[in-house]
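Undergrad: Pasting a structure below so you can have a look.
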């Protein structure tokens, strides 16, 4: 079996010249307005308005417009964030289909309605605060069929105060539910449910975990002596930032390489109906479960041969950071891809899953060799 591993003897980062080749993607800071309102006990309506004078195609992935049970809003009670019970998907960002976009004309608005009780534990009821913030990637030109990303728009909603009826909230079914574990056994890696795998899928996942461990460990070792690159991806070189990055990457490396046990359970296939079009893999952070989707195997190489491209190894690394047993608090999807991730603030970047995946993927010197096991 072929595996890709970081050259541990070098443990260095390549020059940042490759970043110059990435097209500049302007942030339209005020192009999108998002207003939240309540339409029921836990039902939320988000009104998204294009404030500009050009039509926009808004990419739905990991935004307030996402059709999956993702983290569309933040919910707080008594100053503490309410437990999120939905899914955190990683989407394929190449060859985007028009169906992944919402078309919005100049000054036009679109509404999105969702029940936060389906993705949050609101069984206690009481007063809560709901807000939304994030980035929407935009495509311009060629009308409603535009799919080439040309920019991105940041948004921050109003704060919505609600008094939740606990009984009504408890009656709402959870979007993802609980997974009944029936783990198979293998000789190596974090808990893989082998009953969910074909031999080919198992081989691919074991290879991805091996590479995830190698990349994460090499990146952890390289970070303290490569502060310019740390600043590029995480916007800070403070000792606390570097220590957090190192600790989290080491945790990912450990979880990816545990023998016979681990804190997460990894499924080769989807048993929770989360693999909607465009989803490579997804995590249920409250249960520490990861699921691969069909296009993880069909559309991704084992490890990309150029910077910042998606692959199986860094998709697995990305998903590992979503698990609370690996990274606490678990990382979110605040910025996707190089341009978006490197435009985040320091506070956002340290909690962004793709920042770790890109840091590990984009700058490490790799070596391809034959290896039959870890």
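Keep in mind that glycine also has a Cβ here, set from the backbone N, Cα and C atoms.
The structure displayed is predicted, hence computed values, not measured ones.
Just lifted these from Swiss-Prot, have a look:
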SIGNAL    1-19  signal peptide
DISULFID  197-268  disulfide bond
DISULFID  275-293  disulfide bond
BINDING   318, 322, 333  Zn(2+) binding site
ACT_SITE  319  active site
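Buried or exposed, and what's around them? Tell me for each listed feature.
TA: Within 10 Å of the Cβ of residue 197 (disulfide bond) there are 21 other Cβ atoms, across all protein chains. In this structure, residue 197 (disulfide bond) belongs to neither helix nor strand by DSSP; it is coil.
Annotation for residue 275 (disulfide bond): same-chain Cβ neighbours under 8 Å, separated by at least 6 residues, are 282, 291, 293, 294. Residue 275 (disulfide bond) falls within neither a helix nor a strand when secondary structure is assigned with DSSP, and so counts as coil.
Counting every protein chain shown, the Cβ of residue 322 (Zn(2+) binding site) has 26 other Cβ atoms within 10 Å.
The number of other CB atoms found within 10 A of the CB of residue 319 (active site), across every protein chain shown, is 31.
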Undergrad: In the structure shown, with every protein chain counted, which of the disulfide-bonded residues 268, 293 has the densest set of Cβ atoms within 10 angstroms of its Cβ?
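TA: In terms of Cβ crowding, the pick is 293.
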Undergrad: Can you count the other CB atoms that lie within 10 A of the CB of residue 318 (Zn(2+) binding site)?
TA: 29
Undergrad: Taking just the CA atoms, what is the gap between residue 197 (disulfide bond) and residue 319 (active site) in Å?
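TA: Roughly 18 Å, rounded to the nearest whole number.
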Undergrad: Other than 318, 322, 333, which residues of the chain come within 8 Å of the Zn(2+) site, judged by Cβ distance to the Cβ centroid of those residues?
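TA: Leaving out the recorded residues gives 88, 89, 90, 283, 319, 321, 331, 332, 353, 354, 357.
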Undergrad: Please name which of the recorded positions listed here, 318, 319, 322, 333, is nearest in space to residue 268 (disulfide bond), Cα against Cα.
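TA: With Cα distances computed to residue 268 (disulfide bond), the winner among 318, 319, 322, 333 is 319.
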